[in-house]
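Notes follow once the structure below has been shown.
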C-alpha cells in the first residue's frame, strides 16, 4: 500500500509538467507574425520590402508582386499593403534621391527656397538686411536665421548667405576717415608726408616711444630699400633709428613712369607699322608697268632729238611687232594683275557695255558661287569689284580669263585682250 501511494504521488507532478508542455507547444504553433489567417487556419504570409500585396489572403494564401522601379515602391513588410506610387518632384522642388522599389523619391526645394513644415510648399529664404548677418543658413526645412551685427562687425549688403564681417582696423601709418558701423566698414587713409620711426630704447629703458619728424632726402638706395621693406629697422643694433616712408607715396611716380613708357612705346610701334606699310605700298606701285595708253591716231610723237614720227605710220610699219606681242600675250600664262591699267579698264568697259548678265556668267566661270556674285552688286562698279577680287587669287592668270571668256561666247573680249595697245617708242 505504501509503495502504491508513493507512485500515485509522483504521477501528479508529471502530469502537470506534461500539461504545461503541451500548452506551450500549442501556443508556439498558433503564433502568427501577421495576425491574419486563411479560411483553413493557415497564417497569412507578409510581402517583403520592395513587394506589394497583389491579392490578400483569404481563401488562398497572400499573393505578392514586385514594385516597379521609379513608378511604385513599398517600404514596409506587410500582408495587406500594396505598392504605393512614387512621389513626383514638381514646381520649385528638385529630386535629391530617386524612387526605387523599396524607397520613395526624396524631394527638396531649389536653391534659395526651403520647405515650410506647415504647408509643405517651397518658400523663398529670408534675406538678412544690411546691418544683419547670417547665423543659420536656409536649407531643407529651415529658413534663414539672421542676427544684428554686434560691435566690431558690419554687413553692408542684403543677402541670405553672408555673416557679419569684422571691421577694418586702421594701421599706425593711417588715419580713420569713417568709423565702422553695423551697416558700413571703417575707412582709412594713408597719412601723407610723415615719417614713422621706432627707435631702439637705451639700455635700462622699459618702453619704446614712437615719434614723427619731417623727412630728409634719403639716398636713392635707401629710398628703394624703404619702398620694398615699408617698415622701420635698426642698423647693426645702433640706437639711431632708420626711418622709412609709406610705400604709396614712393610707388606712384614709379607707376606713372611705367605707364608713360608703355604708352610711348605703343605709339612708336603703331607709327613704325604704318610707315612700313606705306613704304611697301609705294614700292609696289613703282614696280608696276608704265601705263602705255595709245595716243590718238595721227598724233606726232616727239623724241629728245626733235624728230617727230606719225603714230599711224609707225603702226603701219610694225604689224609684225603687234602680231608677235599678241601671240605672247595670248599664251604667256602671266597674271591678270600684270596687265597695264589701261588694258584692264578697257576690259571693264566692254563688260559694262554688255548685257546685264554677262559679267555674272563670267563670275560663274571663274569659280564664284551665286551668293558671292550677288555681293558684287552692292559695289559701285560690280565688274571692277569682280575682277579686283579675282586678281588676288593665285590662279588669276590671263589664260584662265581668256578660257572663261571663250566659254561665255565673248570672242570680242578675247580679241581685245590679245591685241596689243598701240604704243610707240622714241626714235
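Including glycine, each Cβ sits where the backbone N, Cα and C put it.
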## Note on the structure
Range annotated region 'Disordered' in Swiss-Prot (choices 168-193, 194-219, 220-245, 246-271) is 194-219
### Summary
In Swiss-Prot, of the candidate ranges 107-164, 281-338, the one given as region 'Disordered' runs 281-338
### Task
For residue 60 (N-linked glycosylation site), just count the other CB atoms lying within 10 A of its CB, please.
13
